[in-house]
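Data first, discussion second: the structure below is written as structure tokens.
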């Protein structure tokens with residue numbers, strides 16, 4: 001599987017996107033199948049169709065939002081795409097409503113409760129699976145490094161915790177998963193942080209990982225070509241006194257991104273396992289050993305991805321809060337839809353703000 | 001250690017249903033021996049049976065006590081029970097409507113509080129039903145966790161929406177600035193804490209119950225909290241966007257009931273046997289007319305039409321502005337057949353009235369589906385009403401079940417057809433960008449505005 005992962009990275013962002021989509025669909029399918037087995041509702045009229053229909057709607061909504069933001073120029077060119085994107089929310093809502101009405105009309109007298117349960121089950125599954133996968137794709141667009149480092153940290157934590165537990169494990173961690181131990185947990189934590197540091201050092205050197213994915217109008221494909229931002233330029237840091245005496249170096253050259261990677265690895269090791277415990281509890285609650293039997297020896301796709309649940313959301317929130325501000329092209333797009341007087345007002349405010357900061361001089365105005 | 005009683009209903013094909021157990025009391029004596037022998041098996045096994053049983057096996061939840069005030073009971077003691085019910089409903093309807101008017105008079109801030117109060121009560125009602133269905137009232141931590149999640153999600157939404165509108169107020173205070181800037185991160189951290197607490201609270205024998213309640217809580221949050229926040233966003237757009245949709249739904253309820261009462265014959269849907277096609281269609285037409293008239297009346301007043309703004313000098317909400325195009329009378333030329341009927345060439349309408357037709361149509365055609373959904377829900381879980389808060393009407397959810405989809409529809413309608421994004425939010429985001437990005441955007445905007453002729457190119461010497 002790891003070799004496969006490397007091949008896919010090599011193939012580029014579009015293929016990664018498609019893989020993420022497929023994983024999402026498979027996870028959804030696995031969880032819904034469990035729901036059917038639990039409730040013996042495989043023969044409920046319409047229900048399978050409705051679940052897939054809702055999956056389609058929600059995916060349409062999210063992809064439309066993402067595509068509109070990132071492929072702004074492409075969308076503006078094509079008339080039908082422009083209309084679709086302008087009324088995107090309305091169209092998605094209408095599609096969802098149709099599904100909702102179909103559900104109401106499909107309620108059968110003796111099976112009300114079952115149908116409501118499956119409805120709730122579908123929605124919770126959508127919430128977990130689809131939102132996570134879309135946040136993963138958002139992270140991907142930010143730069144492939146934001147996709148690769150978190151996922152590898154979670155995988156590394158899984159493996160390291162298992163090995164530490166295997167060799168040194170003694171104190172059980174939590175009743176839910178009797179095989180996890182404190183030694184595995186802590187050993188995995190340190191190993192993951194170190195791994196994250198090394199990995200980000202290696203990857204920050206290459207443009208193809210570090211640059212945001214953009215859609216190039218002329219070549220009609222995705223390009224990852226840019227001037228690396230501050231995060232990915234080597235800077236010198238003065239080591240605090242404590243470590244200075246140990247290592248004997250005064251300064252160290254690191255990428256600022258590596259400091260962020262410490263935060264990401266810490267999250268992966270400390271909170272990621274909770275996603276795993278959640279999935280274990282779920283399996284125990286519904287008395288299943290594995291989510292499915294897709295991967296021999298490993299169980300279903302969900303078994304592999306259970307710790308990733310929270311990671312994607314965390315990375316997305318982290319990026320939005322600490323790394324970058326809002327997306328400039330999206331802002332321009334929003335700006336263009338405002339009324340002229342509002343546009344003028346914003347323009348003047350921006351102008352005075354930039355002049356205050358000294359970014360704008362009278363000479364530059366003339367250009 | 002909790003001991004959850006074996007629920008009524010022996011696991012036998014078509015077996016007799018046990019007498020509906022009272023809440024908190026032990027089941028009948030003949031079940032005692034079964035419970036003892038079942039102690040060995042996991043409680044989850046029993047619930048496994050429960051899941052696959054059909055609805056008819058589920059025992060009914062006994063209705064709560066009657067909460068009609070004594071004074072009403074005395075006044076209506078002479079009437080037969082059918083008319084008594086009618087009168088109670090009627091009086092309560094009038095009371096609710098007058099309360100509504102009073103709150104509108106008091107202003108948008110009070111309305112916000114009202115919406116918030118209703119949201120909390122709806123959440124409470126649905127969660128209580130969940131507890132009763134799953135007999136999980138004593139599960140450790142669960143009540144705390146449900147309220148905690150409600151708090152988190154509310155915090156998240158209020159931070160996103162309210163921060164935009166109170167930009168001037170927020171800029172003044174340092175701590176608020178910090179909260180706003182890292183808002184998403186803080187909300188996520190709060191949610192995570194709740195999630196971890198849930199995982200740590202999983203108790204061996206009650207896994208399934210706990211997962212059910214977790215999912216129940218999340219779906220409830222999805223329904224009630226998002227709707228209420230969309231309602232508040234609509235409110236900020238202008239009180240008319242809040243009043244006309246809600247009144248359309250209420251009007252549709254009332255007129256469909258009246259039409260059904262007087263003319264009803266053909267049943268509409270098996271779910272709700274009391275609804276009829278005559279009621280549905282009659283309600284549709286009267287709601288459209290009502291919405292049309294209400295829009296006409298309300299569009300005149302600045303109080304209803306203007307977006308709500310927070311003024312920092314006055315420290316309160318103001319609704320004062322130049323009414324937008326939507327709320328200025330315009331002349332429309334009538335299509336020929338209407339010309340012949342009304343014998344007029346043109347009619348002056350507010351453009352908003354045309355939108356109100358769309359809103360009323362949605363309220364009458366799709367709104368009832370929300371009601372059917374709630375009826376199906378009540379039937380599935382064998383409850384008569386969501387709660388007994390309002391005598392004669394049931395709980396708050398019963399009144400608001402048709403509003404579910406309305407708020408989302410109005411919000412989507414506004415963002416798609418009426419206005420673009422919020423200008424102050426765009427400005428706020430602009431100011432957060434990197435200076436180079438700001439400069440780039442500035443240049444793009446400048447060229448765009450000059451192109452459109454909004455900005456005259458300045459000539460500098």
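Counting begins at 1 with the first residue displayed.
Each Cβ is built from the backbone N, Cα and C atoms, and glycine gets one as well.
Nobody curates TrEMBL annotations by hand; they come from automatic prediction.
The model shown is predicted, which means the values in this text are computed figures rather than measured ones.
Range B:276-298 is the one annotated as transmembrane segment, of B:92-114, B:115-137, B:276-298, B:299-321 (source: TrEMBL).
In TrEMBL, the transmembrane segment annotation falls on B:238-264 of the listed ranges B:49-75, B:238-264, B:400-426. Your range for transmembrane segment, going by TrEMBL and the list B:329-351, B:352-374, is B:352-374. Per TrEMBL, the stretch carrying the note transmembrane segment among B:17-39, B:178-200 is B:178-200. Contact counts against the transmembrane segment (B:178-200), taken as Cβ pairs under 8 Å, peak for B:141-158 among the stretches B:141-158, B:276-298, B:352-374.
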